[in-house]
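Going by TrEMBL, these are the annotated features:
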type: DOMAIN; residues: B:20-312; note: domain 'ABC transmembrane type-1'
type: TRANSMEM; residues: B:20-42; note: transmembrane segment
type: TRANSMEM; residues: B:48-66; note: transmembrane segment
type: TRANSMEM; residues: B:138-162; note: transmembrane segment
type: TRANSMEM; residues: B:168-189; note: transmembrane segment
type: TRANSMEM; residues: B:251-273; note: transmembrane segment
type: DOMAIN; residues: B:345-539; note: domain 'ABC transporter'
Amino acid sequence: MADQATARQWLGGLAAHGRPLILATVSAGVVVGVATVAQMAFLAGIVHRGIVGQVPVEQLSLLFTGAVAAIFIRGVAQGFQARFAARCSRKVRSEVRHQLNRCWRATGPVAMGQVSAGILAREWVDHTDALHGYFARFLPQMILAVIVPLLILAVVFSLDWLAGIFLLLSAPLIPLFMALVGMGAEKLNQQHFQTIGRLSGQFLDKVRGLTTLQLFGQTGPAADTLRKRSDDYRRVTMKTLRIAFLSSAVLEFFSSVAIAVVAIYIGFGLLGYISYGPSDDLTLFSGLLVLLLAPEFFQPLRLLSQHYHDRAAAMGAGAEIVERLHGNNGAKRPRPGTHQRQSPDGIVVRDLTLAYDAGRPVLDRVSLDIRKGDVIALTGPSGGGKSSLLYLLAGFMRPDQGTISVLGAAPGEHCFGWLGQSPFLVHGTWADNLRLTTPDATDVAIETALHQVGLRGLVNSRAQGIYSGITEDGQGLSGGQARRLSLARVFVANYDLILLDEPTAGLDSDSEIFILEALHKLALAGKTLIFATHHQALLTLANRTLLVTGGRVHDA
Amino acid sequence: MMRDLWPWLALIFRRPGRLVVGGLLILATLLAGMGLLALSGWFITATALTGLLLAAGIQASLNLYVPGGGIRFFAVARTVARYAERVYNHDTVLRLLTDIRVALFQRLCLTARHRRNLLRGPQWLSRLTNDVDALDTLYLRLIAPTALAALVTAMLVLAAWLVYSQHLAIGLAMTLIPAFLVATVLVYLRTRHLVYRQTDARERVRTDVIEHIEGFAELTAAGRTGKHAALCLRQADQIARNDSRADTRTGWNLGLAQVMVNLSVVLALWMGLQLFQQGQISGPVAVLLPVALLGLLEVYSMLPDAFARLGGTLASAARLNRDCSVGQPLEPTARQQPIEDANALELQQITIRFGVHTPVISRFDLKVHTGEWVGIIGSSGAGKSSLADVMAGLEQPASGSVRSHQAPAYLTQQTVLFEDTLKANLQLGKPGVTDAELWRVLELVAMADRFTHEPAQLNTWLGSMGSQLSGGEARRIALARVLLSESPILILDEPFTGVDANTRDTVAAGMKRWLAGKTVIALGHAPEAFPAPDRTIRLN
């Protein structure tokens, strides 16, 4: 239940963020309630004067005008309520997405890489949208479900306190209703989603294996199984639903019975059959008004129970988002300012220590000076700390101790080129992909960069050159081509420092040659290149090879 | 656009009995609610008038038992009808859910495989689920409330005509019909362009966000995370804006529809009082209709939300229709051509290519004798699996022909097991197979021990909710399933993926015995990837 509590707390914080709009929504809802009371009062007044007072209809036009005015105010307030609610939800969702983006930046690329992109994207897209109903419907309704019934109760009390007591008797029952409705709705919700989930699972499982089923000629029996399983689930679910629906039946029962009791009490009171209490003062006006207000007394509660599943959905989604937002506090986040101002001409590392497990440092008090224009190969056994050193230089992680100064600034403060092992393409044209990191690159610069990495031929073979999509014909790029495309970004951007993690690992020989040539060109252009590698050809490209092993870094 | 919905509506209306009973139960709930209020209003007015007469000392009487009983009846009927309606209609929804899923599955079976291949992956599957869900609730959310709102409106107008006056009935019709249109058609028309593309827009944002995450290191290095995130945020906000506009419009339409229903109440009161004052109807009856009309608010308030979603539902239906468009039947036509008797399979001048790219395999010839074991070796990307698909008849080659006496049994490179029992998974290979034979084949693939220790033995549940299998174990189950097949030709694509060397040797020896006399074509990246063949071919 700890996550439930933190999720609730976080939702509360978001509510504070959207407070003005929530207040506006609730205010509009209160106006709807007041206008409803006014409308009913006018209607009851018209009936009283028209029937008991025998006043000609034409002389009641003032009351009729009042009723129509109340009706219009009610409608307009309802429209505004929807408008404010929708805005509030939009605002809150935008805030959540900003929070997630901030969290991602604070987490850094290394820790982000531990979680599947699909899961992170689902939190960002779907879980955030799942908060909609909570902020647009449930939360305002929860407040309205207290205010509006109290308002109506006050009016009813002023008309006839005994009728008020009938309604009030159900007031202590309201928390009970809420609990009943809540429990019922929650159970219903869980059961429903579980069933839907299982059915979808069965269905998707069969769809996924459709080719296999066809190969064995078993699609017919599979459809029968699907039907039979669905039916079994339905039977089991209905058993639970029959009980879960009882709670909403209880709410219905109380509200119907309350209306019936009030109606009969008023009727007998008007006949003068009741000799105690305030019933002597009942008139057709007050009696009818109490009757017309009785359903409105229960209406906010009924709406709340309809929106209850919004709460469950938001709690579920919220719990996962909160876990993401809070879970990364312990991660080694990049933090600016872990450097001392050093010479702007090189990379200065002093007493750098990093440990993933306490007591077994990957890097142990490492000091290092790299001159501008150096081509450095980091080598050593896997797990020896090559990549960690690279991540620290990139500012993707924060060291436990020590300082790093990269060209006179903290790591990551100046832009630099990064080439990781997983290729990064966006859905779009070649130009889109290169302009991603350098938005103002010219067409010529892009073509030159593609030429440098040996992709010019491929691009020229496409109909629209650099403006053709990179994934046309449903065929993507090979791993090697994708990595060359990433390298082309580095060429376009013209960075001083370029960090590369195993730039040739797992490549076909063509791509390998192109990458080597391209790196050579970068080195000749005076760029500072640092790469982690085992590859012999790359080691020869370097003018300095550093062996990273056992927490130490020394020249090989 | 509406046409996209027809096949699914036809499916839903295949259960007319249930739909009508469910609808009548909802109707009973609504009428009981309206009846409770209207009768109470009548009762109070009647007692007020009688009470005044009594107070004035005039002899008057009122039958209290009938209206009192009626009020109690409606109160109880409302509760009972609501409960019955809930239970019955949810049962219907779950039945429709089954119908729609089964129908969709059957249509997908007929969909051309290459079309299905475009639609793989968890994203498509989750979209499929959402689209089906949108159709499941179509009846309960949209069809039933709309039909009932129309019916109840018509009943009230008719009652006004019969009991009150023709003018009142016309007046009501003139306010309620626009109210109905505002709550239904107008909502749909004003929101459809906002919601129709929302799912597609969401998928586009998702793609961009995934790209953002995958490129996070490069974007961070280039100092562009903020800018790129802003792009994603803008897109997401555009979607939220459309949602918000659709919600706002729905809210205004609901407000407008309620204003019109309320105006009909005022109208009924005005004209009812006139009739009363002209002596045509009694006071209580004049109150009856306006109060009943107030109950109509409940009926109409359900509609705008449902119609705001209709645009999205139509988009779902359109996507499902598109994804499940029935294509060419899978039956390969080339099999009817003559084949030499001594050969089990002949490939002639086979060329395989994707799109307009260079062919992966061109002009490939192969003749496999009956009973021969052929091994095909090729590195990844050499077109092995495509060749296997063509041999098995799953794919058509770009050119050339495939001939065989009988459709081969085929172990695809991808291991596919179903969330079902071990037995059900194996029975796909040979329906009606005996337990003894199942144990024998499990023994052969060295998996018998694994399941003799499970309490449910052959009925052990496989998959995420049941017994967890390693990759190699799952592979061997899939292999066992193909070994059970009675086809004289087997095509095995990387049969031993994830299986360790010792087990591989044991299983390979067992396969030689089990498959004696059958024709086997095995494909792999290296010679040890399949049992030793009579002949080996290398793909370049």
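Backbone N, Cα and C atoms are what each Cβ position is placed from, and that goes for glycine too.
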Would you say the transmembrane segment (B:168-189) and the transmembrane segment (B:138-162) are in contact under the rule of three or more C-beta pairs closer than 8 Å, pairs 6 or more apart in sequence? yes
Lying 6 or more residues past either end of the transmembrane segment (B:168-189) yet within Cβ distance under 8 Å of it, the residues of that chain are 146, 149-150, 153, 156-158, 160-161, 249-250, 253-254, 256-257, 260-261, 263-264, 267-268, 271-272, 275, 289, 293, 296, 300, 303-304, 307-308, 310-311
Same-chain residues at least 6 beyond the ends of the transmembrane segment (B:20-42) whose Cβ lies under 8 Å from its Cβ atoms: 67, 70-71, 74-75, 77-78, 81-82, 84-85, 88-89, 92, 139-140, 144-145, 147-148, 151-152, 284-285, 287-292, 294-296, 298-299
Which residues, given as numbers and ranges, are at least 6 beyond the ends of the transmembrane segment (B:251-273) yet have a Cβ under 8 Å from it? 160, 164-165, 167-168, 171-172, 175-176, 178-180, 182-183, 186-187, 190, 281, 285-287, 289-290, 293-294, 296-297, 300-301, 303-305
Given the model, what does the mean pLDDT over the domain 'ABC transporter' (B:345-539) come out as? 79
